[in-house]
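Residues or ranges marked as GTP binding site in Swiss-Prot: 13-19, 41-43, R306, 332-334, 415-417. Summarising the annotation, Swiss-Prot assigns IMP binding site to D14, E15, G16, K17, N39, A40, G41, H42, T130, R144, Q225, T240, R304. Taken from Swiss-Prot, the feature Mg(2+) binding site applies to D14, G41. The active site, proton acceptor annotation in Swiss-Prot covers D14. The active site, proton donor annotation in Swiss-Prot covers H42. Summarising the annotation, Swiss-Prot assigns substrate binding site to A300, T301, T302, G303, R304, S305, R306 and lists sequence analysis as the type of evidence.
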Amino acid sequence: MGKNVVVLGTQWGDEGKGKIVDLLTERAKYVVRYQGGHNAGHTLVINGEKTVLHLIPSGILRENVISIIANGVVLAPDALMKEMNALESRGIPVRERLLISEACPLILPYHVALDNAREKARGAKAIGTTGRGIGPAYEDKVARRGLRVGDLFDKEAFAVKLKEIIEYHNFQLVNYYKEPAVDYQKTLDEIMAVADILTDMVVDVSDLLYKATQKGELVMFEGAQGTLLDIDHGTYPYVTSSNTTAGGVATGSGLGPCYVDYVLGIIKAYSTRVGAGPFPTELFDETGGYLREKGQEFGATTGRSRRTGWLDIIAIRRAVQINSLSGFCMTKLDVLDGLKEVKICTGYRMPDGSVIETTPLAADDWEGIEPVYETMPGWNESTFGVKEHRKLPQAALNYIKRVEELTGVPVDIISTGPDRSETIILRDPFDA
């Protein structure tokens, strides 16, 4: 049997998953997106050329890799076509390398309209969504009224279903949010224009992955966002609308959980977050600005600047537990270069003075929490582009070792730059 590897974020997303997936797909036959939508932003740099993917799996740039958008992903046809066209204009044969589950829910214009109307209505209490219709599309899925890719095989029936659901959502848009209605005919025409392109890529993903595993082919599952944004286990309600954790692999792809052999958690050497929500180690001083500028912490999807802070081991430990992590890949270590000292959060001081070492579950319970830090010496030497473990500064090695000690999880991969070549692999997940 083949070895199946999951790559996911351990923080609030933006950990650098895309590069690592691209790197490891050199050995994989399939790369599978199993949750989220085009709210993800995965940046790849190959031989100096930058590619940003939102919906298509990061394996698409590899000749011998099949990329799969599985049933757990909410699919926006317009976003997919835009991404496909951009890649095809560069000579990448996307339609030969991409497969789609017919069970993928569709994101349509009324989902986007609802998403933005709700954020506008929340005002100061806005969650900070990407405004791309992700949440409303998942709502329709759970309410069993959503349209899926498979519905496009019967265009007449699709048109009837679309009319019913647009009337349903327009009632809310117009009467409650006082926003314009979504035009039915325009929406229908747009989706019909690409219907055949989508259905031509449809495959039974669950069956395909099961047979691939039985044949010994290697499968990689590419997570989007991060553990702390999981709908169930994240800082609710400041979360995304899907299961970003390892448990989402089985439900989001149709391959049983026993077929997962290794879970790689991507851990940025410091913390970042986009949008509202708890962030105990957030920095508002010069150091926070330094991390943001040096780390180029601006969203690949929205362009929004990210909040920055020190590494939070308490939150990382939660990710270890939930995902049963096999190993870490530490990214952006080079951003810490030049700092006199680096800090790691090892506890939370509660308003009553007590110190806890677990994360609260509800967002309100995070109020008043102060981080308890362990301070370590920084390093002046550059780690950027270093490709050998022994050539890293001793202080940087000590930092990595301390993370391993505090979490009980080995750092198997270290990323020292954006290019796929700027990586130190201590243990390959496919060989672990």
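Cβ from N, Cα, C; glycine included.
A 10 Å cutoff on Cβ-Cβ distances gives Q225 (IMP binding site) a total of 28 other Cβ atoms nearby, all chains included. Taking each of the binding-site residues N39, T130, T416 in turn and counting other Cβ atoms within 10 Å of its Cβ gives the largest count for N39. Within 10 Å of G16 (GTP binding site), judged by CA to CA distance, lie the following recorded positions from the set N39, H42, G303, R306: H42.
For the binding site of IMP, formed by D14, E15, G16, K17, N39, A40, G41, H42, T130, R144, Q225, T240, R304 according to the record, the largest Cα to Cα distance is 34 Å, rounded to a whole number. Using a 10 Å radius centred on the Cβ of the residue listed as 'active site, proton donor' and all shown protein chains, the other Cβ atoms total 25. Within 10 Å of its Cβ, the residue among the binding-site residues K19, R304, R306 with the fewest other Cβ atoms is R304. The Cα atom of G41 (IMP binding site) lies nearest to that of G303, taking the binding-site residues G303, S305, R306, L333, T416 as the candidates. A gap of 10 Å separates the Cα atoms of G13 (GTP binding site) and the residue listed as 'active site, proton donor'. In sequence order, A269, T383, L392, A396, Y399, I400, I414, S415, T416 are the residues of the chain that are 6 or more apart from L333 (GTP binding site) and have a CB within less than 8 Å of its CB.
Comparing K19 (GTP binding site) with R304 (IMP binding site), their Cα atoms are 20 Å apart once rounded.
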